[in-house]
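Chemist: The compositional bias 'Basic and acidic residues' annotation in TrEMBL covers 378-392, 438-457. Marked as compositional bias 'Low complexity' by TrEMBL: 393-407. The compositional bias 'Acidic residues' feature in TrEMBL is assigned to 408-418. Summarising the annotation, TrEMBL assigns domain 'ABC transmembrane type-1' to 283-650, 997-1258. The annotation domain 'ABC transporter' is assigned in TrEMBL to 697-932, 1304-1555. According to TrEMBL, the feature region 'Disordered' maps to 378-457. Annotated transmembrane segment per TrEMBL: 20-38, 134-152, 277-302, 322-343, 509-530, 623-645, 986-1009, 1029-1051, 1103-1122, 1128-1147, 1212-1233, 1239-1260 (among others), in sequence order.
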Amino acid sequence: MQLPLMGIEMLRLLDSSKRGQFLVIYPILSFVSLFYLLTEALISHYKEPPKPASFLNGNGVRNSAYVEKSHSLDGSAIFCFRLLKLLCVLALLSVHMYDVALDEGSISSIVFYVYVSVLAGCSIFLTPEWRDKSNLHVSWLLLSALFVYLYLDVWPLAALNNPDSDITRGSVIWTRIGLLTLAGFIIPAISPRPFRPKQSDDVPSPEDTCSILSRVTYTYLDPVIFYAYRVPDIKLEELPPLPPDERSAVLAEKNFPKIDPVQITTKRHIFWSLTRIFANHYAMCLFYVILNAFAEFVNPLGMKNLLAYLEEGRPQIGLRPWVWVLFVALAPLIGGIIVNQYFYESTFIIVETESLLTQLVFEHSLRIRMKNDVLDKKEEEEIKKDDSKKASVSDVASATASTTTTAVEDDVSPEDPTTDGAQTPIEGAETPTQPADPTKDGSKLAEGDRPPEKEKEKSVYLVGKINNLLTTDVNQIKSMQDVMMIFGGLIQVVIAIVFLYYILGWSAFVGMGVIVLCLPLPAYVGKLVMQAQKGKMGKTDARVQAVSETMNVLRMVKLFAWEIKMLDQITQKRDTELRWVRYGKLLDYLVLSNVNAIIPILSMLFAFGTYTLIMKRPLTASVAFTAIALFLNLSGKMFLVAWQLPLAIRIKVSMDRFNEFLNDTELLDNTSATNKVAAYAARAPDSDVIGFNAATFSWTDINKPQPAKSNSRIFRLHFDGEIVFKRGGINLILGPTASGKTSLLMALLGEMYYKPHGPGSWFNLPRGGGIAYAAQESWVLNETVRENITFGEPFDEDRYNKVLNHCALERDISLWEAGDQTEIGEKGLTLSGGQKARVTLARALYSRAEILLLDDVLAALDVHTAKWVVDNAFNGDLVSGRTILLVTHNIALTSSIADFVITLGKNGRIAQHGSITDVLRKDAKLRAAFEKEKALTEKIEADKEAQANEAEKKVAGKLVVPEDKSIGRVERAAMMLFMRGFGGPLFWISTLSSRTLTTVFSIAGPVWISYWSSQYALTDHVPAVRYLGIYALIQLVQLGFGGLATLFWVLGSMRASRIIHYELVRSIFSAPLRWLDTVPIGRVITRCTQDIDAVDNAFSSRAATFVEMTITLLGNFLVSVYMAGWPALVSGAAMAGLGGWLGVVYLKAQLSVRREMSNAKSPVMSQVGAALAGLPSIRAYAAEGRFRSGLRQRLDVSVRATWTYFTINRWIAIRADSLGAMFSTVVTTFLIYGTDVRAGSVGLTLTVVNAFAGEILWWVRMYNFVEIQANSLERILDFLRIEHEPKPTDRGKPPAYWPSSGSLRVEKLSARYSDDGPEVLHDLNFEIRSGERIGVVGRTGAGKSSIALALLRAIKTKGSVFYDGIPTYAINLDALRSSVTLIPQQPELLHGTLRENLDPFGQYDDSTLNDALRSAGLFQLQEQRKVGTSQTAAADSDEGSATIGLDTQVDAGGANFSLGQRQIIALARAIVRQSKLLILDEATAAIDYETDTAIQNSLRTELGKDTTIITIAHRLQTIMDADRIMVLEAGRLVEFDSPKTLLQNENGLLRALVDESEDSAHLKELAGM
């Protein structure tokens, strides 16, 4: 039976009569080359390409120095190599001229070499472009000639028979072959390549300039790798530079038009976009996969002929045995080179995909509504109802002063000429003039038909989803090219079938039939795996969201002593996620893998059974072991498909999630791709006007059908007429809490849904001169004070110093050791609320923007500082000619600077507008409030505010500590973290024993086949049924033990993952507040997402593979030594020594690079998080470009480390393949030429040796992969070793009755924020009786908030604090903090319902919660709103749903509530706790004065008589009726007595404040005088 393989004729000898046909090949190629080059020259001559802009200087003139450098020669090395090539070509020309002279050559050969010599000269002296083209053609032409002569003159020497006598091989032939080898192969392979920059600042990468051989073998990495081996650690800047084309800016510019949904303008699945972008790389990957598919069969072909040679004395294909030895020995090396080239192409895809998708998610996040009411398609259909039943809409971002999760998008680019810099409705948008009739499609649904659970199901964890997209999903998608291995596997299956038919005849089709019949089974299991993956990703999103949200409010969690309960909630979500992970892994690793292992075994059994029992053919060694090799190959491909199918499924799931995010996430109204502004809305009367006319704004889509029964709030901002703000002046926006003041600014910025009332409707905010925005919740960057103020603007020292003075920041900066270079930490945690507000205001003032939107920036300032800011900043030259829209509650303080005033009512409508005089005259209630507040405006000279306390310690400037990077090997403790969690000794013994027995039986199979095949040489009657049955039993037992080992590993690894995650979160929760200040949230989230995902998947799966491969490799090596003797032992020892040394070198370098790569990921995540936290400000400042640039800089750092990481993997791979080839060559040569063992034994040994040689690379790689992936364990271990707060002890449990009162005694209390920081409180001594109401006042930075933290032991303290008679240092922290309630100035709310925020753990009934809301003043606000709403009920009958109840949905961070409402909710939450000690730290600063008064009255009457209240406030009226007042100055207690007593002290600070007030009599009346 002949081998029916394509190309088999190439293995046969060449007839001399056909020699001339081959000799014309390379001359023909030379004519093709000439035609191509002439065509190129003509095109270049008649079509001059545009000059690259990058080669031009700032004046548009070509940089002559750069051009001259580009046209110079390419260096001495390249010049010498090309000159040597020219000399070789001339020598070849001489040789062929000699042949022609002897009538043995042809004129065409001379013409060929003349042409090549001309090209070789051109490759030296022409311009760079033509040098490169000429050199390339020379190399290819010479290489083609070399191949022709190798086939004609060398290949026949491999034949067993003598070559044809007509073919002579004299010195001329060998000279020609030698010169062709040198010029056509060696010189092109070892010659360096010239660097051709595309940009003037491009830096050459070693990969761009190294030789082809160095690139294929990755020798160019030797300097970096061996340098990393010699030094303790290698830094990022010491890695090879990033190739210019891999820079993130270049990738985005080139590929965004193909993938960005806004630029594409049509919905296209991201798969097609990525396919278009990486088409060339995918094509090359597919080529290498197909090439490798054929290379896989080089080894079986060689084995078949070698065994046939041993059995019959002659191979079936008549070539010498050494040829087949090379086939067997070098097959792993050939396959390794091909696979390395595949991975080289994959590296481009991996790094570019990660960079591109990260930028795409970031870019898209600037456009989306982070708080939109996302409904699934089914739900949207279900909620369509009749017009008479108007749907209530979910309010997703009311008063977006919260900058935590509100998304924005660049409304109009400054360069956009169509809008003249103004934000106006875009013409041509097609929105119907009336809302669509929701009943037109005939779908109706009764209200009772909808399950209530739907309301909860529609909550979208968008922030957690973005984090997951950038970590888990990107990691999945960037491996998309690996799915091509499925196609390679299918090709190999076809080749294997043909090969098996050649060996086994038609019995091979029986085996294939078994495979076909069994194929539906893995397909079904694969479907289950996909479902499991989808379920797992959903649960992962929920956990990541819970972790992200909890980390953002961790300070509140700690101060409320909720750590254990929050940990339990996160652990429950983690357990749910792990159940899905375990289910998916059991399906994948146990069921699917075993199914794919059983199918080839069944196929082999049926094929062997048919071959021996039905066809009655002997199962000889050449047949058996070649068939086994093929079936093993087939099994490997089945495993590959089994491994790739879940990968393909995971990629599909991740792509669908990306696609949903890009195409289905709602964008802002003025995004060009999805503009929803009505076409009939008019333009503003003037492009410079700022205002509204006849429009309604909402945080939900007004025209979209909504669920009729919604627990979400609704708020609408109405403009029934025209409201125009005064340009060039200061416009005040006034109104009670929750009236829509912040929403008005957000409406101008385009954040809200816009519904015009008619053709004359419009709203406008000119952007041509720039916008500056200061949010109510100050948004600051994790950078220095100066960088926060300048915000990317050029530094102007005079202007900067003036801004510092006007914002009263000079004194603060003088107290910091690093001055304005002080890092302010994530979310500005090192600054007080007033300092953050002033930094945010300073940023707006420093900017050159013509329009300033300032959202209640005075609320966080004490009256002294507020007065200074108003007198200097708002009356100074910095605001001259600029338009300011200022939201404020302080009417009296700002009335003198107001040019125009708007007052909002409780119902979101304009109550009054005009000058301050007109508004006060028309609104009696506002006028009364103005007169009352005016008395609270202290008139203090500026120099008094600026006095510095020289005794106060300075604060260090550096806050955020750089992320630690371990040096050297992964420490043992990191590995033990997993091993201890995996299980005890018995569990480990069971797992390893099962895996060892699996290996034993996998070796027993070939041994039994060897014994079986040898029986045919000993006897004519061989009981094939018995041998076949025993072989089947061996395979069955092997599968059983393998499945048992897999089950043990999955269960153990899931247990370890659960324990590690629990310990990580618990460690973070028990960290002190100072640690949270110094560690960015992005770094924490990376540990809880990326590193935990690595433990769940990459580390555990690779550790399992490493254990399996170690046992298998050891078994194969022992068998090889037993069968082949000392050659196997010596070569194996040499290979082990070299491999071990290379592994150590590789691991040392790769661990450093891996750590750099891991650390480089956190800044990317932090940049994204910072941008998401401040999107309104970013969009208002039009600072998207700055943040985009910052992200790209961080991405380039990450990609540089990633690129080096993957190329180092290729470095070790090619060397491990070479070692495997060495071992195979030695053993195979010895077996063929050095022994006389039977063919069966040789077949067994070759099978084992080939398995060993093929696995040695993967064992070395897997060992290194395990250590590299253990870097995630190492990073987690670092977080387990951080400083922790004291753990609860039995001795620290207070008595059951404690606290029975709110008495407090403080003795010599001093406090500091860190061990090396200055003291912020100095020797405080005071006593507070139970039930007293204490007021605390003092200037910004006096230490008011520090007292609150010190009482809760949240900062470092000295001295004693006695709470209800027990020293707090002797009480467990959880007991102390759960008995004291602190309400911070910046309230923090959780995602969920209002009930879940008031009572997160279900401890109280609804009546208690409603009483708390009533006491906090929320119901009073709603009653006032209802009064206002009833006046316009006819117009707004659907706004009754705005009532806030316990089932009202709260978005993450409370973004759908105003700051004032959040403070009220936080106050209600504190009241629910019924603590004996209540501390209010500016808890009502953002609430209007009327509501504040009502709240204070409520606190006096609603709380128990024994409840002690400590109120920290800037407003004097808030604390003037307190029992006693504490006055702080620079961390010292300077006054503490009753207000009446303090006011009687004529030299007292409090007396000075009251006396300088216009309404001192009223304040004295409050004090009881």
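Each Cβ is built from the backbone N, Cα and C atoms, and glycine gets one as well.
A TrEMBL annotation is a machine prediction, not a hand-curated record.
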Chemist: I'm a bit unsure how to read this: which one of 20-38, 277-302, 986-1009, 1103-1122, 1212-1233 has the highest number of Cβ pairs shorter than 8 Å with the transmembrane segment (322-343)?
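Modeler: Stretch with the highest Cβ contact count: 1212-1233.
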Chemist: Let me spell it out: take the transmembrane segment (1212-1233), skip the flanking residues so only those 6+ beyond its ends count, and list any with a Cβ under 8 Å from a Cβ in it.
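Modeler: Residues 216-218, 306, 309-310, 321, 325-326, 328-333, 335-337, 339-340, 343, 1120, 1124-1125, 1127-1128, 1130-1132, 1134-1135, 1138-1139, 1142-1143, 1146, 1242, 1245-1246, 1249-1250, 1252-1254, 1256-1257, 1260-1261, 1264 contact the transmembrane segment (1212-1233) from elsewhere in the chain.
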Chemist: What same-chain residues lie close to the transmembrane segment (20-38): Cβ under 8 Å, and 6 or more beyond its ends?
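Modeler: Same-chain contacts beyond the ends: 106, 108-109, 111-112, 115-116, 119, 133-134, 137, 140-141, 144-145, 148, 151-152.
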Chemist: The transmembrane segment (1029-1051): which same-chain residues, six or more beyond its ends, come within Cβ distance under 8 Å?
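Modeler: Here the qualifying positions are 582, 585-586, 589-590, 593-594, 597-598, 601, 605, 608, 987, 990-991, 994-995, 997-998, 1001-1002, 1004-1005, 1008-1009, 1012, 1100, 1104, 1107-1108.
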Chemist: Apart from its near flanks, which chain residues at least 6 from the ends of the transmembrane segment (277-302) lie with a Cβ under 8 angstroms of it?
Modeler: 255, 258-259, 324-328, 331-332, 334-335, 338-339, 341-342, 345-346, 348-349, 352-353, 356, 481, 484-485, 487-489, 491-492, 495-496, 499, 626, 629-630, 633, 1250
Chemist: Take the domain 'ABC transporter' (697-932) and average the pLDDT across it for me.
Modeler: 82
